[in-house]
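Taking it in order: structure first as structure tokens, then the write-up.
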Amino acid sequence: MNQYIRDGDNPDITEERLKATFDVDRFTEFYHGGAKRLKSRREVEKYIEDHKELQDTHPTPFMSREELIDNSVRKLAGMAKYHKMIDMTNIEKTTYFLQLVHVRDSMAFSLHYLMFLPVLQSQASPEQLSEWMPKSLSGTIIGTYAQTEMGHGTNLSKLETTATYDPKSQEFVLHTPTISGAKWWPGSLGKFSNHAIIVANLWTNGKCEGPHPFFVEIRDPVTHKALPNLKLGDIGPKLSLNGSDNGYLMFDNFRIPRNNMLMRHSKVLPDGTYVKPPHSKLAYGGMVFVRSMMVRDIANHLANAVTIATRYSSVRRQGEPVPGAGEVKILDYQTQQYRIFPYMAKAIAFRIAGEELQNIFKKVSKQLRQGEASLLPDIHALSSGLKALVTFEVQGGIEQCRLACGGHGYSHASGIPELSAFSCGSCTYEGDNLVLLLQVAKYLMKVCAQPVEGEICGYLHKKSSNTISELSSHRTYSDHQIIQDWEHVTRRVVLQAFQKLQAESATKQKHEAWNSCSVELCKAARWHVRLYIVRILLAKISTAPEDVRPVLRALAKLYIFDLQVSNKGHFVEDRYMSSQQIDQLKSGISEALATIRPDAVSIVDGFAIHEFELKSVLGRRDGNVYPALMEWTKHSKLNQKDVPDAFEKYLAPIMEKIRAKI
């Protein structure tokens, strides 16, 4: 029996679930990485269901900013009370617990768990960890991560905050020389954190050694007041995340002990001697970890939006193609399917790519602990590219899902406006997308000049055995042929960018040549990342349960074929593909839409997104959308009184004067 079918559900959504051609539970296990991980998720969900203190008192869109912060901190206090669900040895379970408690608009203290603790774990020495980690896990230390400044983000070498070593007192002097050097944006920095990891340019013996992390106490542990020589506060309301006190911080010759520099990889000796890290790129490990988490989580944002749009489209009826036969479900229109299903496919593809990135990161982390860092540049480039591509495409997908919901998609009741506002920030934080793409391109240009071994970039120096695609029919288009065609096009795009850069460099200065090629370089980076996703998607689907594999293959083909048709110019260039072959791909898209259609609701059920996370009237599991929309209006404060105060205050006197004159 399908666990999603229950008495009292909308008959239209029940009808959809009865069409499923696969076992939804097996799909869910595959999607979430196995029965063990799925069991862990459901333990978290049951725990929050049983503890009302961890739930919102009413829908967050009806809350003021002060109420959002109060609601967020209230739930955080509940988390401290029930802290057994927080286990930093199981980062996935802990992250899901945090996400399900705080969901989207109320992520108070998220940086404590998602940045402060991981950076501390990876950058602090064993002695520092033994002193600070127990307090950080117990809640005595509430931390944040402060790197971004008002005037500087991705260009770390130009951060204005300085940490100048004083060998006489064996202290670092932290200083903010200008307003633009103020730390700006870190979550929970404004009012609630009492510690921060500060990234500042290190000066010792008259030389700048570049940006380094420092462990800094910023508030009194008893009174919670800001310490002397510090200026900090909240930066004000944002597009989203208003349950978090994103803050600013300025230092006025603020002193910290020498040992407060995080010294796992580099250090400053008592006499001021700087000891370099064994590998210049070791600091990338923390960035790769965060981006690997981001890719999977952002893919889940898209899965949320697709779930809402698909379920709503299965109960919303509009139009009567056959007069007298009744209105039809809008999901039956091919245009609606084409609006939603490619993003359903992308949600799965991006999640799989994110999972694989995390697996690679675990392998690299093990090597780093052994002093081996050869794979780090490769995975840093990959994580940068995936973050840039996935966050941008997810944002576009969420908007398409909003449009697919018609007028109701514009309402906060749909859950999509809050989801969109929350998700769009990911295009900027942890690295602006265009800057990250150019970092990927920089690495690709190095690989073009000097070949490296490995699956990720090995295709660049592989000679194609074919001058034309072997595609004859979309139904017999094998995984090997697909990857071969994608490698051909990606290799051409990357090498064309490389050749253009070489030509420009012959007549221009290095930075001018780079800038004049930057559009083509970004395109090359995107193709490199897409190829990786295509390759890993096809490989992963081949391991899926037998009854789940057909619908996953239909989704994979929809994702791949749609990209090929949308970018057909690259595939027909140099006559590698013909217009007839492109027509075959178009036919494949239509066939994939038809194959996915009866399974659509069961696919999004298979994502297993809890109602606490979905936060949507339109995307409810039971499909009873219209009664729930009316119930939603009861939360509006405007409906607490029939005649609003503003009418009595401003309009009534004017209308009374007009009536008196009449």
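Note: Cβ is positioned from N, Cα and C throughout, glycine not excepted.
According to TrEMBL, the protein has these features:
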ACT_SITE  E430  active site, proton acceptor
BINDING   T148, G187  FAD binding site
DOMAIN    23-142  domain 'Acyl-coenzyme A oxidase N-terminal'
DOMAIN    284-445  domain 'Acyl-CoA oxidase C-alpha1'
DOMAIN    480-656  domain 'Acyl-CoA oxidase C-terminal'
By a simple count of other Cβ atoms within 10 Å, which of T148, G187, E430, the recorded positions in the record, is least packed? T148
Taking DSSP H, G, I as helix and E, B as strand, the domain 'Acyl-coenzyme A oxidase N-terminal' (23-142) contains 88 helix, 0 strand, 32 coil
Sorry to bug you, but what's the C-alpha spacing from E430 (active site, proton acceptor) to G187 (FAD binding site), rounded to the closest Å? 13
Separation of alpha carbons, T148 (FAD binding site) and the residue listed as 'active site, proton acceptor' (Å): 9
